[in-house]
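Peer 1: Sharing a structure below in structure tokens format, with a few things to ask.
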Amino acid sequence: MRQILVAVTVALVVSILLTPALIRLFTRHGFGQEIREDGPPSHHNKRGTPSMGGVAIVAGIWAGYLGTHLAGLAFDGEGVSASGVLVLGLATALGGVGFLDDLIKIRRSRNLGLNKTAKTVGQITAAVLFGVLVLQFRNGAGLTPASADLSYVREIATVTLAPALFVLFCMVIVSAWSNAVNFTDGLDGLAAGSMAMVTAAYVLITFWQYRNACVTAPGLGCYNVRDPLDLTLIAAATVGACIGFLWWNAAPAKVFMGDTGSLALGGVIAGLSVTSRTEILAVVLGSLFVAEITSVVLQILAFRTTGRRVFRMAPFHHHFELAGWAETTVIIRFWLLTAIACGLGVVLFYGEWLATIGA
């Protein structure tokens, strides 16, 4: 528990202190956000708001994770794990793709950065490397950071993917989650606040896996997760980093996370879901992100097949704005829905454990 508190605190402090420094730096160099011309009229006054604040989020997560391990050395704590480094490596790689995208937008003074092909190639490259490496690094108990079995709350032994299919599966998961968080990041604080809740749920889930790991507590309901405590630290650090950033990103936002932050945070969800064996459960926890990307897909499909739109504008948080909802109303209501989804996900997780032990 002490390690979790250290991870949250260090990440929060780094994020909340680094963000205003970045705001001053980006403002001085004119690194401001460009706004879609076809977006809601109320968003036009946001043009020029400093972007790429996701740098503070990524830095906060790394600081929280590494700082906890450095502090742990004084108490005979374990070093970093393969699972932890791979999840953060994935998030950082995706954040790098987002950083290039943000930088190009700023340099060209338009809301279009990397072209779709270049952005997709970057995401797929990160996903392939993650998918290949996450099945390596077998520990003394014979566990790798991920399992080739499809998983809900734990592995579904009847659905085992061949290595090539598993890598393809990782490509889908990583691309889907990174784009989903990216689409959600359209209102002040929406993505950061929602992400804090999802990763808070993962703190509970992975810590429970740690307390009931088959390596240390074999028996009914135990979990074959390689490094559950390290995943808890990553989730906790993400909570702290998002809250620290939210202090400056809440409406009216003084800074945006940009693709730097949204793609990296999507990588955190993807990485945690794969390494904690909860790929399907993650869909429940992050159902807001799922709904946002689904609204974009539906909008595109409907327009291409019928010439009509399902929503006034996609992602669908803009639909409610154009319907007359105030931006803060949309944000708070979506946060409430995220909290409900996370609560439901934790209940499903715990309920599965109770059913497994026959309680």
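Cβ atoms are placed via backbone N, Cα and C, with glycine included.
Pulled these from Swiss-Prot:
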{"type": "TRANSMEM", "residues": "3-23", "note": "transmembrane segment"}
{"type": "TRANSMEM", "residues": "55-75", "note": "transmembrane segment"}
{"type": "TRANSMEM", "residues": "80-100", "note": "transmembrane segment"}
{"type": "TRANSMEM", "residues": "117-137", "note": "transmembrane segment"}
{"type": "TRANSMEM", "residues": "156-176", "note": "transmembrane segment"}
{"type": "TRANSMEM", "residues": "187-207", "note": "transmembrane segment"}
{"type": "TRANSMEM", "residues": "231-251", "note": "transmembrane segment"}
{"type": "TRANSMEM", "residues": "255-275", "note": "transmembrane segment"}
{"type": "TRANSMEM", "residues": "280-300", "note": "transmembrane segment"}
{"type": "TRANSMEM", "residues": "334-354", "note": "transmembrane segment"}
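Context for these features, please: burial, neighbours, distances.
Peer 2: Within its own chain, the transmembrane segment (80-100) has Cβ neighbours under 8 Å at 52, 54-55, 58, 61-62, 65-66, 69, 113-114, 119, 122-123, 125-127, 129-130, 133-134, 136-137, 139, 145, 174, 178, 182, 226-227, 230-231, 233-234, 258-268, 270-272, 275, counting only residues six or more beyond its boundaries.
Through the fold, the transmembrane segment (117-137) approaches residues 82-83, 86, 89-90, 93-94, 96-97, 100-101, 144-146, 148, 163, 166-171, 173-175, 178-179, 263, 267, 270-271, 274-275 of its own chain, all at least 6 residues removed from its boundaries and within a Cβ separation under 8 Å.
For the transmembrane segment (231-251), the residues of the chain that approach it from at least six positions outside its boundaries are 3-4, 7-17, 19-20, 23, 53, 56-65, 68-69, 83-84, 87-88, 187-189, 192-193, 195-196, 199-200, 202-203, 206-207, 209-210, 225, 257, 261, 265, 268, 271-272, 275-276, 327-328, 331, judged by C-beta separation under 8 angstroms.
Long-range neighbours of the transmembrane segment (334-354) within the same chain, counting only residues 6 or more positions beyond its ends whose Cβ lies under 8 Å from a Cβ of the stretch, are 152-154, 187, 190, 193-194, 197-198, 200-201, 204-205, 208, 212, 221, 278, 281, 284-288, 317.
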Peer 1: If I count Cβ-Cβ pairs under 8 A between the transmembrane segment (156-176) and each of 3-23, 255-275, 280-300, which range comes out on top?
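Peer 2: Answer is 255-275, with the largest number of Cβ pairs below 8 Å.
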Peer 1: In terms of Cβ proximity under 8 Å, which residues at least six beyond the ends of the transmembrane segment (55-75) contact it?
Peer 2: 3, 6-12, 14-15, 18-19, 22, 84, 88, 91-92, 95, 99, 192, 233-234, 236-238, 240-242, 244-245, 257, 260-261, 264-265, 268
